[in-house]
Amino acid sequence: MKKYVLALDQGTTSCRAILFDRESQIVGVAQKEFTQIYPQPGWVEHDPEEVWSTQYGVIAELLARYQVTSEEIAGIGITNQRETTVVWDKHTGKSVTNAIVWQCRRTAPLCDELKMKGLEPLFKEKTGLVLDAYFSGTKIRWILDRVPGAQEKAEKGELLFGTMDTWLVWNLTKGRIHVTDYSNASRTLLYNIKTLAWDPDLLQVLNIPLAMLPEVKPSSTIYGETAAEGLFGHPIPIAGIAGDQQAALFGQACFAPGMAKNTYGTGCFMLLNTGEELYESRHGLISTIAWGLDEKVIYALEGSVFMAGAVMQWLRDELKLIETAGDSEYFAGKVADNGGVYLVPAFTGLGAPYWDMDARGAIVGLTRGSNKNHIIRAALESMAYQTRDILEAMEADSQLPLQLLKVDGGAVVNNLLMQFQADILGVEVERPHCIETTALGAAYLAGLAIGFWSSKEELRDKAKMERSFKPQMAEERKEKYYQGWHKAVRQIME
């Protein structure tokens, strides 16, 4: 009897395996961290073999710990850290060098060079992305330049590229399948999100052979089966793939245009479903593919805030104002409001929609009456203001008024922050019962492809909300606070 869908969540710091039942409830979780490699400042790498062995290990641990047999698993869904780049030898299955992680800045000079040649508009128009070291394309170029003989081998079709989803599928199928999905392909700087094909012009600019790129398929389809001689002992369909942020959008059941989710982690990642319409941002956001499903491609606008939970870490580790991030709610709640104090966390510059990399952080509006609680409250509120900045840019780009914001990530347990977020946006904020929205999204995509669940409507009905926060603040007061934030931002940009 097929009772479960297995989600593999290959993240930036850990690999996880999570089992979901037909009610989309979590049956079991196994997780293990792997090594972060920092060869020099600004560089970040992972060892692909270690990532695979860690992922393999957590699957084995999950099955053993919860006494689940592979016969009970209907299918597998995969979600992954996006953009991280692996290049491996087709014949040996071994990577030619460490994976270059999405956070790695080593290809920034190459991006600058391409911008100087006036190529950024070409990339933006075809891929929806900005020319940045974040995305995979320049990482592939770096590997082909630095590994002896790599370019020649790639041209002969002897080397393969993949993001982490592709690498896991290759290993799960013992090298039989080289595939990715629309959402991951759309993060490479090489995939044309309008024609839905690897773009010959962009491949030519970066001199990347088409032969090394995976086949691109919808996010919910049977890609193939696990090797019978592998971990599971018999074939299991691999039926869902999506990049982590897109998977979270799907896991939050943001199926309709105008629905958005915000993940509050170290930074914030916001995605707005724009339906089958592709909007090109005029406000520094990126356009991306959310997923491919039911013969349709769904697009999204994405914006990120660099500093969210990281501000709480700063209050804890550097300023020593709190002992744990959770303390922030207690101290912030001891004052009625921010007392005119604003904290602009531009520690590494300001992201969307300002894009000022030279700006630096500041605490403004201090008076003799300001105390530690005001500063802690201002730090919390900065997450909500930055979220509104991005959502206003999304509304301006798409003309889609936000109906509801779904939230996930570590900071959403903070009720004061969630209520303030609802107040400052003027829309309802929903916190889900299942906070594992990324893994749930991968499970949903796989489950739909194999008939484990019948439709998106069924999934929407299963989505359980833990708590809803409705706006309570008067309009005039809300706008006064937000104007104060803008004034503080202007001060650090001058």
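Cβ atoms here come from the backbone N, Cα and C positions, even for glycine.
Database features (Swiss-Prot):
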BINDING   T12, R16, T266, G309, G410, N414  ADP binding site
BINDING   T12, R82, E83, Y134, D244  sn-glycerol 3-phosphate binding site
BINDING   T12, T13, S14, T266, G309, Q313, G410  ATP binding site
BINDING   R82, E83, Y134, D244, Q245  glycerol binding site
(request) Could you round the CA separation between D244 (sn-glycerol 3-phosphate binding site) and G309 (ADP binding site) to a whole angstrom and send it over? (result) 18
(request) May I ask which of the binding-site residues T12, S14, R16, Q313, G410 is closest to R82 (sn-glycerol 3-phosphate binding site) if we compare their C-alpha atoms? (result) T12
(request) For the recorded glycerol site, enumerate neighbouring residues of the same chain (Cβ within 8 Å of the Cβ centroid of R82, E83, Y134, D244, Q245, site residues themselves excluded), in sequence order. (result) Q81, T84, W102, R187, G243
(request) Mind computing the max CA-CA distance among T12, T13, S14, T266, G309, Q313, G410, which the record assigns to ATP binding, rounded to whole Å? (result) 20
(request) Just give me the nearest neighbour of Q245 (glycerol binding site) among the binding-site residues S14, R16, E83, Y134, T266, Cα to Cα. (result) E83
(message) For a quick check of understanding: among the binding-site residues T12, S14, Q245, T266, which residue's Cβ has the most other Cβ atoms within 10 Å?
(response) Q245
(request) Check the Cα distances from Q313 (ATP binding site) to each of the binding-site residues T12, E83, Y134, T266, G410 and keep only the ones within 10 Å. (result) T266
(request) Pick out which of the binding-site residues T13, Q313, N414 has the most other Cβ atoms within 10 Å of its own Cβ. (result) N414
